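For 24-45, 57-76, 96-118, 138-156, 191-223, 235-257, 269-287, the entry in TrEMBL reads transmembrane segment. The feature domain 'G-protein coupled receptors family 1 profile' is assigned by TrEMBL to 39-285.
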Amino acid sequence: MENASSVKEFILLGLSENQGVQKIYFVMFLFFYMIIVAGNLLIIITVLSSQRLNSPMYFFLCYLSFVDICYSSVTAPKMIADFLVENKTISFVGCIAQLFGVHFFGCTEIFILTVMAYDRCIAICRPLHYTTLMTRRVCSRMVIGSWVGGFVHSVVQTLLTTQLPFCGPNKIDHYFCDVHPLLQLACTDTYAVGIIVVANSGMITLICFVILVTSYVVILISLKSQTSEGRYKALSTCGSHITVVILFFGPCTFIYIRPSSNLSEDKSVAVFYTVITPMLNPLIYTLRNEEVKSAMRKLWRRKVGSENGK
């Protein structure tokens, strides 16, 4: 990857420089990452193996879980490994690759969460037309659109960053390579690039936020004409999604739609959307969803039954 930089590698300062704290973080974040992979894999396997979970909502949930695994895997393994070493270095190419991955999977997740809100809106507000409006082809196109949108956004962020010259210092006050920390290290004026970066992220966040809010406003208006039982059922299916949206959108909005001024604060907030939210997603969707819990119990009984039958 050619650019005008003399810097060949960066040093990540991580979450803490205290050796004792780093050992505690190693155990804690290793545990978190294991839950992320195991929990999201369980959801993917449950949805794919259950004939009952064939609605668009679970189709999108399956892809959301896959994106969560990929998203956290871009940053978590490197962060966990760095807790055990003194020199937390990353090559220039590795840094740019990590930057691309974070924005690719992060933006894709935002689009999938937005698509899921639209799906809930159609399911609740137009139930009689739901199967004709949300066909498998339509759902597939929405998922493909989410991946393409994430890719385009990430390419823009990555190209803007790789065009900057880096000639020292090379210490990044973060646990992974992101746009704002790298902009502060560039040995040139980055004001214009910073504005474009914020505008790019802000435009995507704003559009998705408007769609999300509009979907739920329409849902709330529609619920007025429904029975209390129908209202409760509709809100219970939306509850999990709203919780995940708040946990993911809140920190992302805080980081990316404003010029960064405090990197120590930013990296603490970044833990929420790179580790905590992907870890909580499986718990939120399983604990609040009887269909998923029932499918998981059947999957478990089938597995135990097959093992006993050997």
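Every residue gets a Cβ built from N, Cα and C, even glycine.
Counted as Cβ pairs under 8 Å, contacts with the transmembrane segment (57-76) are highest for 269-287 among 138-156, 191-223, 235-257, 269-287. Residues 56, 59-60, 63, 100-101, 103-112, 115, 118-119, 200-201, 204 of the same chain lie 6+ residues outside the transmembrane segment (138-156) yet bring a C-beta within less than 8 angstroms of a C-beta in it. Along the domain 'G-protein coupled receptors family 1 profile' (39-285), the predicted structure has mean pLDDT 87.
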